[in-house]
Structures are given as C-alpha cells and as structure tokens.
Amino acid sequence: MRTPIIAGNWKMNKNPKETTEFVNAVKADLPASDKVESVIGAPAVDLQALLDAAKGSNLKVAAENSYFEDEGAFTGETSPKVLSEMGVDYVIIGHSERRQYFKETDEDINKKAKAIFANNMLPIICCGETLEQREAGQTNDWVSGQITNALKGLSADQVASLVIAYEPIWAIGTGKTASSDQAQEVCHVLRETVAKLYDQTTASKVRIQYGGSVKPANVKELMGKEDIDGGLVGGASLVPDSFLELVNFNA
Ligand code: G2H
C-alpha cells in the first residue's frame, strides 16, 4: 500500500514570518504521517523557518530546487548537502517552471536526483506536456521519456522510494485541471514506464502525484484514481484552511 502524499509547492511566495504563521495555523490538524504524508515545499529563504516551526509535527519539508554539486564555486546555487544537514526531507526537481525559465534539462534533473539520494533526501521529480504536445498526441511518449531520462543510473530501491509528479503544463496555475481520467491515464503510463525500466514491484511502490490546479473541490476525485497517490499543489497550498482540507481529503 502506498501512503498518499500531498505536497504544497509554494513557488516564490511567503517570507519567513508568514511561513511560521502558516505552520502554526496547520500543525495541530495534520493527519498522521502513516495515513497521509503532508509536505510543504518552500523557497530556500524560508526553509529554516519552516523546519523550526514544523519540528515535532507531522509536517515534512521540501526544498523547491537544489544544485547537483555539494559545494564549490557555483554562485547563487543551493547545496543538497546543506539542505540535508538542515533536516529537509524532499527536493522538488524538474518543475516545468524551472525547465522553462531556468533551462533545466533532463540531464540536470538526473544529476540532481543522484545528488539528492547521495544526501539522504528524496526527490519529487516533475514531468508534463504542453498543450501542443497533448493535442499532437505526444503526451505519453513525452512524459515517459522525461522520466526515463531522470531515472538513469538509479537503483530499483531508490526509484521505489521517490515521488513522480505528473503536471500537465496547460493545467498549471490556469484553473484548468486535467480531468481525473486524463490524469489517471498518464499516471498509469508513468507507472508502466517504471515497470519496464525496473520491475512490477518497483512500479507498485513508486508514488505518483498529479499537479495542476489541485484544490479542495477536486482532490477527492483525483485521489480516488488507482495510479494517483498524491497531489503537488501550488495556489491552493498557500492558505492554511485550504491546505488542511487537501491533506485531510480522506478524513
Ligand atoms: C503546478 C502546481 C504546483 P498550481 O505547478 O506544482 O501549481 O496548483 O497552482 O497549478
């Protein structure tokens, strides 16, 4: 049985004070971690506040990016080694905004995944197609290729423990959600991809999230689908009440 994982992705929103206030507003009402894993992904500048406020609660912490080297002359980058030392649990990599605005490639994402594992954290690896690719019938091959490239050189145990996030680019922040059937279809393709690259056991363990305008009104239906194990949530994760509704979707 896969434990559902609902992860907020705050993107470039909130300061440390707002981060502390958010955690204080939600931490008493989070589900037990073995029922639903609750995660907040925050900007690097807010991570210490997030970790401090979340201490002793059921909230896990994600960084929204990291570099693939641990240290050195890489001005402006964030070290995965330091994220790990701070107590960060997950790192989101390959988000379409990072691919689009910061030119992250599949190769970068693969190197980052390896660095995240080397530092005892878990990656949340994003993939997703554009509207043009969907309309051209290329979705399944495209996302399967992105994940195949991202997983290169990882062991079956590593893959079983990581999280894949399927986020159709046309559904991000647009209010347009993929229908639960569309989301399920692609999440199934991703699980099959893992089965082909590794084996059925690994595929049955890897958790696959859907992301793109997930909100309290649609979370239950999405989570009811066989291959959808969680949500990566932007806008709706910024407000405490809405985040609590999301993580308590099955309460
Ligand atoms: C997709 C998602 C979070 P939103 O980027 O990763 O954002 O829920 O605002 O569409």
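Cβ from N, Cα, C; glycine included.
Those TrEMBL annotations? Automatic predictions, nothing curated.
TrEMBL lists Asn9, Trp10, Lys11, Gly173, Gly234, Gly235 as substrate-binding residues, and of the candidates Ser33, Ser38, Ser213 the one it assigns to that same site is Ser213. Asn9 (substrate binding site) falls within a strand when secondary structure is assigned with DSSP. Residues Asn9, Trp10, Lys11, Gly173, Ser213, Gly234, Gly235 are recorded as binding substrate; their most distant pair of Cα atoms lies 14 Å apart. The recorded positions listed here (Glu167, Gly173, Ser213, Gly235) include Glu167 as those with a Cα within 10 A of the Cα of His95 (active site, electrophile).
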